[in-house]
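Trainee: First the structure, which I've put down as structure tokens, then a few questions once you've had a look.
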Amino acid sequence: MAPRKTVGILGGGQLGRMLTHPAALLGIPLLILDSGSYTPAKQTLLPPPPHSHPDGPFTSETHIRKLASACDILTVEIEHVNADVLEAVEKEGLCEVQPSPQTIRLIQNKYDQKKYLAERGVAVAPFEELPANPTEEDFKAIAGRLGLPLMLKAKTLAYDGRGNSPLKSASSGDIQASLKFLGDRPLYAEGWAPFVKEVAVMVVRNKEGEVRSYDAVETIHRESILRVCLAPLRGEKGVNQRARELAEKAVGHLEGAGIFGVEMFLMPDGELLLNEIAPRPHNSGHHTIEACLTSQFENHLRAILSLPLGSTALRVPSAAMVNILGASSTMDAIDKMADNALTVPGAAVHLYGKAESRKARKMGHITVTAESDAELNERLRALLFAQPDAHADWIDLIAPPSPAPAHSHAKPLVGIIMGSDSDLPVMHPATKILEKFGVPYELTITSAHRTPERMVKYAKTAADRGLRAIIAGAGGAAHLPGMVASETSLPVIGVPVKASVLDGVDSLYSIVQMPRGIPCATVGINNSTNAALLAVRILGTSVPALNKATEEYSKALEEEVLAKADILEEEGWDKYIERLKK
């Protein structure tokens, strides 16, 4: 293997720290420019001999040039760098820069970024530039065009909500309050986006322009700071894929290689609007370290070094990331959250090695993985309730508690549906089997004939909502199981319900005789117990604990039959049959 090129990183914070991990595994020499000799990134990887990690501001021309002279490629862990110097360094042939200085400069100015993307057909919220030193009349005029409320945004040096101020009215008081908050910075206004979810997609791009996206995630903020990411994004059919396509389209219009964090809004009508892009590893991609086949950090290095891009696929069905934020100037709360996470199955702690804590400072994060959304829910609740600012109402919205008995789970793996409430007595045993195995489920009524649109929507959205199997009960014409099977990629198990005529044989024939290409499993008449057991076995192919549980269930059945045989043979069948009559 040829010697790896030396990579210089502008910025020595937590993102640089997490870049050092794959760099060490791949034998990639790193030099890190930041002020201080013991920054988070400098703690975890020694510099290649005979160099030392340079000590100085990552915006300094002198220090950037010195770093460039010792490296083959420069990259960034923060976009607030001197793009002009980076461009000069590259033009002079001192060092390659990735992503390109032009892209970094474009992204540094959020207005220019938004304008550039909008001109290339990327969906964004309506926006307008504010003149320098805007007057109250300027604000009122723009409010008249964009409507109220609207969001005022600083063009530059804005992150974690620090450059955003909502303008709720065109009153002098509200305008002056926003100006005071935003300071003396160039501004633009953006139409209000009443989103239902905030979404992020990590996209890696190599030097040849190939782009690969990771699964979209839901990002949950509190006081404008990212607190939790949930992966993959759940929702209406195709929203994950549409988010990935939008992110890939946007990054495809940029120059240079590396990882990009693309943030967007999911609107009530299902439309996705791009919010902003970061030209570097991003907080919303931290889960990829444990949850994906290749982390965002490794793929960033692969991309800028022209190494083969790694797979972006999830290695687990469900994952989350929880930020560890400082609560005060002491490390007590940080240590408590980290120690608590060590008791949660599937949790991995990442502390950033920052010497000082302060309120709302990002001090670390926790990744948690699980075999299902429901399992993730329980683990996530354990992590969130350990935070010093835990609020039960907020946590319940993110990770709902287990449902009351005989109510649907918020994160089901199996859906139980029936065409009529009269089918409930037949389908009820399925719920008991699923409860016995600890499988979260939902139960509802949808008719193939009386509520066809509801049935189609249920089937089409089932997989994206996290379901992995559907049990459908129907009698008479019994079209529900087959129709659902034709509208979903999930396995569907039909339960023929015995109606008032023909003893359910008509239902059985209807379900079992689906045309070629539309498989629909069918169990015995009125036998929802077997339908549930089959659903558990289907889940067991990917959840080892359920596979083991089904083996134990079968063993218990065997032992039950053997015990009956022993009694029968011991006391005789005449006495045994009398026992049965009782």
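Cβ from N, Cα, C; glycine included.
For reference, Swiss-Prot lists these features for the protein:
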- 143-200: ATP binding site (BINDING)
- 114-305: domain 'ATP-grasp' (DOMAIN)
Trainee: What is the total of other Cβ atoms whose distance to the Cβ of Ile175 (ATP binding site) is within 10 Å?
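Mentor: Ile175 (ATP binding site): 20 neighbouring Cβ atoms within 10 Å.
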Trainee: So, three-state DSSP: helix, strand or coil for Ala143 (ATP binding site)?
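Mentor: For Ala143 (ATP binding site) - judged by DSSP and reduced to three states - the answer is helix.
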Trainee: Please work out which residue of Ala143, Met151, Val199 has the most C-beta neighbours within 10 angstroms of its C-beta, and give that one of the binding-site residues.
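Mentor: The residue with the densest Cβ neighbourhood is Val199.
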Trainee: Radius 10 Å, atoms counted are CB only; among the binding-site residues Gly183, Gly191, which position scores highest?
Mentor: Gly191
Trainee: Tell me the Cβ contacts of Leu167 (ATP binding site) under 8 Å, same chain only and six or more apart in sequence, or just say none.
Mentor: Phe139, Ala143, Leu148, Pro149, Leu150, Met151, Leu152, Asp174, Ile175, Ser178, Ala189
